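Chemist: The transmembrane segment feature in TrEMBL is assigned to 25-43, 49-71, 92-114, 143-164, 176-193, 238-259, 280-301, 333-351, 363-381, 393-414, 420-440.
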């Protein structure tokens, strides 16, 4: 084992991602399969093309508002773990554990499983595979799902800078090209024929801030709260690109399809391809969606495993989860557990609705608490532990963002109480686990678990040694 003095605080040595890799992770996580499906749901709810486009624009602006708030948090508290790290900084450990247990054990692996299953569905659709036996169909689907998860797991076992980030950049380029095909095709169709939660993932880098080299250029360039340093670094066009891309793709959809076709389509991208592309080109769309999903899967795996690792590193999960490979600096134990959980979730059937309910409730409530933490930091609470080069945004921005998140929580509770109750139940379970197993005055017979997660006092303070796991 390497002495603690010989490793940096993050445990990843020189295996750090740069600014373009950081930007690619944001684009990879944000731009998923939702842009090929979500427009139908929005249009059905607002009943207007103009209002639909305004909602896409407003969602992007609200997300930028949140990203700016997290920019301040990430440059103030330079620890991986995103909301978990910020709430623990305020010593709200029970609340942080409740939120992040729900996220790491249920929502994260569940979302990864859904993305992998979606990849499988489009892959099978692209090759026009038909199955007579339901068992054979299920077996083939699971084989394809695992065939995309396992290579990504092994890829992430290697260096962020040397291997994984380069793959993510390539997948980002492929993803942008796939989206550009839709945009250009829609424009050309419109000209020639004369027929006049999709932003989720913007905090992906907060979960792995310690894997980013030169955060002052990497994080600010990526328009994310993941680092710190010099404020004069130019902002990356990451978020303007996302908003512009989403808007132009929606315009392309509306230019090609009628409102009725948009509202009745279950997979708008497939309907779009049937109208625009001719011959064999119409079969290209499922594979374009698969290309988009590869980058999303890799980004989700990165964020989820780093969150799991950060919680274990701080002593709230068993300590073996925080093991780091000496050579590549990858959290292989956390990666392995995250992928295994996703594979297990893939056997549970339809997870979309359940994950959606819990994820939205958890997202909105944890954002509210994190904004309260930011207010406390601003007014001097534990300000002595804030990094001296932390960035500051106008106070009105976190205030506005707090009320936006609070209104989402209230609306969810009022309009769909059962869904909100389901999400709150998962959080209550996480709080129960904390009070029974981790809280210092907890029942003494569970002391073995506390010994398992904190093998020595030095580790309990956040220091750790880099351990080999696969070689």
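In case you wondered, yes, glycine gets a Cβ from its N, Cα and C as well.
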Chemist: Can you find at least 3 Cβ pairs under 8 Å between the transmembrane segment (363-381) and the transmembrane segment (92-114), where each pair is 6 or more residues apart in sequence?
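Modeler: Stretch pair touches.
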Chemist: Grab the same-chain neighbours of the transmembrane segment (238-259) for me: Cβ-Cβ under 8 Å, and only residues 6 or more beyond its ends, written as numbers and ranges.
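Modeler: For the transmembrane segment (238-259), the list is 23, 26-27, 30-31, 35, 39, 43, 49, 52-53, 56-57, 60-61, 63-64, 67, 176, 179, 182-183, 185-187, 189-190, 195-196, 198-199, 202, 222-223, 265, 268, 271-272, 275-276.
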Chemist: When you scan the chain for residues with a C-beta under 8 Å from the transmembrane segment (393-414), skipping those not six or more beyond its ends, what do you find?
Modeler: 62, 65-66, 68-69, 71-72, 360-361, 364-365, 367-368, 371-372, 374-375, 378, 420
Chemist: Taking 3+ C-beta pairs under 8 angstroms (sequence gap of 6 or more) as contact, is the transmembrane segment (25-43) in contact with the transmembrane segment (280-301)?
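Modeler: Judged by the Cβ rule, the two regions touch, with the required three close pairs present.
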